[in-house]
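Beneath this line is the structure, given in structure tokens, with notes to follow.
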Amino acid sequence: MEERSQHAERKKGGIITMPFIFANEICEKLAVVGFGTNMLSYLTTQLHLPLTKAANTITNFGGTAALTPLIGAFVADAFAGRFWTITVASIIYQIGMISLTISAILPKLRPPPCTQDHKVCTEANSGQLAILYISLLLTALGSGGIRPCVVAFGADQFDETDPKQKTATWKFFNWYYFCMGASILVAVTVIVYIQDNIGWGWGLGIPTIAMALSIIAFIFGYPLYRNLDPAGSPFTRLIQVCVAAYKKRKVTMVSDPKFLYENEDLDAAISLGGKLIHTKNMKFLDKAAVVTEEDNVKSPNPWKLNTVHRVEELKSLIRMGPIWAAGILLITAYAQQNTFSLQQAKTLDRHLTKSFEIPAASMSVFTQTSMLSTIIFYDRIFVPIIRKFTGLERGISFLTRMAIGFFISLLATLVAGFVELKRKDAAMAHGLIDLPGDIIPMSVFWLMPQYCLHGIAEAFMSIGHLEFFYDQAPESMRSTATALFWLSISAGSYTSTTLVTLVHKFSAGPGGSNWLPNTNLNRGKLENFYWLITLLQFVNLIYYLFCAKFYTFKPVQVWKAEDEKVEEDAIELTSHV
């Protein structure tokens, strides 16, 4: 009876579920990017915050929104499951968006407009800022349940024990990122245009309505989903391995790893696709799997004895750490598009025609179009060609894909510094150096190369990073693995905040000079800031190449689908999947 029910469960899922799942992610991105891309304008023109304070508010919000996925992943993997986590988180997100929209509509929740000459601007008071921060916190909490679970929940719809569906799983990542990019493209064009030209009420109200519709669509698809039961808290298992290894630190190590404790029945719920086999590094953790006379092997106490599979779960996450850390600086560089690159765009000529002007925040459309174009080029042209030389099904490994992304991101910030020099030269030539409110007669399309390079870098690095986490993390920690991807974004955002704060503080000179001035960007030295990030990225690239060279891939012993017995010679390194 139980086998029949499992068989029926496996018939669910597949491609038919994708529209319902993607609808949720698309609307979440429409809302968060539609506001996040143009948030600098909202904070400076509507709430009248100083530039550096507004920039740090943006990166702090981005950092918090990318940190909360750890909470969502824990809830999903431990007890709630991914469907219910996404559903509840979406409702919390909806409440935050409603609150944000109301604050944009009601005049009392914003400071009064500046005087016509912009000499008198009242900054938002503590009560008005509190409403903003509470709204942002609710959306950050909502994102925390959606972001780590949507990717893993979508991948859950494909049975990895079926070779055909396993291929579909990896195609899903590109489709996921493509849909996300398309949603961002709409956000940075249509939504931003509405915010700048019609009003913030409609500019925030439309994504709020879209989010409500996506929640209904996602719940409507419930009968079609392949829902996997949560396998218990992965964090508890990791702590248990640490505690057991510490308690047995003085125990003599076994002569052969084959004598370490294994229990397939105990690990059944967390090793559906196969068990992790013993690796030679981090041997001090192996003592958690050493059986002593005091241990009850039939019903072990996990705080004293753990299986090899559980020990290897912890090893896998530790090995991923250095690669994870390398992604932080790329996000730090990328974050400048919504802060100082946006401020650059606001000073330049953005007219396409005499009557139509591109919103400054819509410049990131070049990031998204280059990212989407690169994804299509990568899958349809690059992979088939490079596959002939490497012999790998995916053309290149995700580690190589990430390295290419790091290098292109380095070029993006290098180019940005030279463009800033060109912008300031144009301001000086036209006598506008001390007139920050006047438009410099230089086309905004000079910024296009740095935006496009960031998009290409993201198509290589971010998707490779996401694949790396999903592939190399233990299968019972897939939500947690995706949360690590967002955690790197969080760390990158907070690093940007720290870097901006330190540079603003220590570059201050006599007469109010500063690399990152609050009012007149023309008197700053933004190019030096870009080149500082370029230097940090160069060091980071060398660090990443070193980590990638010595990285140990996760070895898995695969189960046979038909009889669920171990296939003795089916040991593979999952880097080449």
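From the backbone N, Cα and C atoms, a Cβ is placed for every residue, glycine too.
TrEMBL annotations:
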TRANSMEM  58-76  transmembrane segment
TRANSMEM  83-106  transmembrane segment
TRANSMEM  130-154  transmembrane segment
TRANSMEM  175-194  transmembrane segment
TRANSMEM  200-225  transmembrane segment
TRANSMEM  317-336  transmembrane segment
TRANSMEM  356-378  transmembrane segment
TRANSMEM  398-419  transmembrane segment
TRANSMEM  439-463  transmembrane segment
TRANSMEM  484-508  transmembrane segment
TRANSMEM  528-546  transmembrane segment
Next on the checklist: Would you say the transmembrane segment (58-76) and the transmembrane segment (398-419) are touching, if the rule is that at least three C-beta pairs must lie under 8 angstroms and be 6 or more residues apart?
Outcome noted: no
Checklist outcome for this item: Ranking 83-106, 175-194, 439-463, 484-508 by Cβ pairs under 8 Å to the transmembrane segment (130-154) puts first 83-106
Checklist entry - Relative to the transmembrane segment (200-225), which of 83-106, 317-336, 484-508 accounts for the most Cβ pairs at distances under 8 Å? => result 83-106
Checklist entry - What else in the chain is close to the transmembrane segment (175-194), if you only count residues 6 or more beyond its ends and a Cβ gap under 8 Å? => result 18, 22, 25-27, 29-30, 33-34, 37-38, 150-151, 154, 202-203, 206-207, 359, 361-365, 368-369, 371-372, 375-376, 459, 462-463, 466
Checklist entry - Among 58-76, 317-336, 439-463, which stretch has the most Cβ pairs under 8 Å to the transmembrane segment (528-546)? => result 317-336
Next on the checklist: Under 8 Å for C-beta pairs, could you tell me which stretch among 317-336, 356-378, 439-463, 484-508 has the largest tally with the transmembrane segment (58-76)?
Outcome noted: 484-508
Item to check | Top partner of the transmembrane segment (356-378) among 317-336, 439-463, 484-508 - counted as Cβ pairs under 8 Å | outcome: 439-463
Item to check | Contacting positions for the transmembrane segment (317-336) when only residues 6+ beyond its ends and CB under 8 Å are counted | outcome: 58-59, 62, 238, 281-282, 399, 402, 405-406, 409, 412-413, 416, 454, 457-458, 461-462, 465, 468-469, 472-474, 477, 484, 487-489, 491-493, 495-496, 499, 530, 533, 536-537, 540, 543-544, 547-548, 551-552, 554
